[in-house]
Amino acid sequence: MRRAVCPGSFDPITNGHLDIIARASSLYDEVYVAVMINQAKKGLFEIEERIDLIRRVTAEYGNVRVESFHGLLVDFCKQREIPAIVKGLRAVSDFDYELQMAQMNNGLSGVETLFIPTNPTYSFLSSSLVKEVATWGGDVAHLVPPLVLEALTERLRNR
């Protein structure tokens, strides 16, 4: 079985993330979405909320599993016998950082990284940008799934 992982914080998941997950889903038999736990950062959504949102918006893909992870991504991969990491690249600036990470991960464990160019529609998109625009009342409906927009609107209203 061909397995891959799409890692990230997904706070919140965006249409850009979903595009990469969907494309990975068509290339691999099983795709894990690994939601990073970073105790140093207080996210807008708790880990459990992110996992729930991702599970709901990826439900149409029968080969996508969503789990959290803490620590090194290569350890997550080793525990689940995942030989490949799938990363979306928005711009050259992403490549510089992601290449270093790919080389480190490969050196640590032999896991390979597959880079997928982001759909040009989402080349500017990040979770941070979505949160910033939404915080100031901007329209992000075209940047996140409706379910996520609803959760984001509710969360910002209650802040």
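Even glycines carry a Cβ here, placed using N, Cα and C.
Checking the candidates K41, K131 against Swiss-Prot: the one annotated together with S9, L73, K87 at the substrate site is K41.
Taking Cβ-Cβ distances under 8 Å and a sequence separation of 6 or more, the neighbours of L73 (substrate binding site) in its chain are V5, P7, A34, I85, N105.
Note: the Cα of E98 (ATP binding site) and the Cα of K87 (substrate binding site) are spaced 8 Å from each other. Over all protein chains present, the Cβ of S9 (ATP binding site) has 18 other Cβ atoms lying within 10 Å. Listed binding-site residues: S123, S127. The one with the lowest count of other Cβ atoms within 10 Å of its Cβ is S123. On a Cα basis, K87 (substrate binding site) lies 14 Å away from L125 (ATP binding site). Between the listed binding-site residues, namely H17, K41, K87, the fewest other CB atoms within 10 angstroms of a CB are found at K41.
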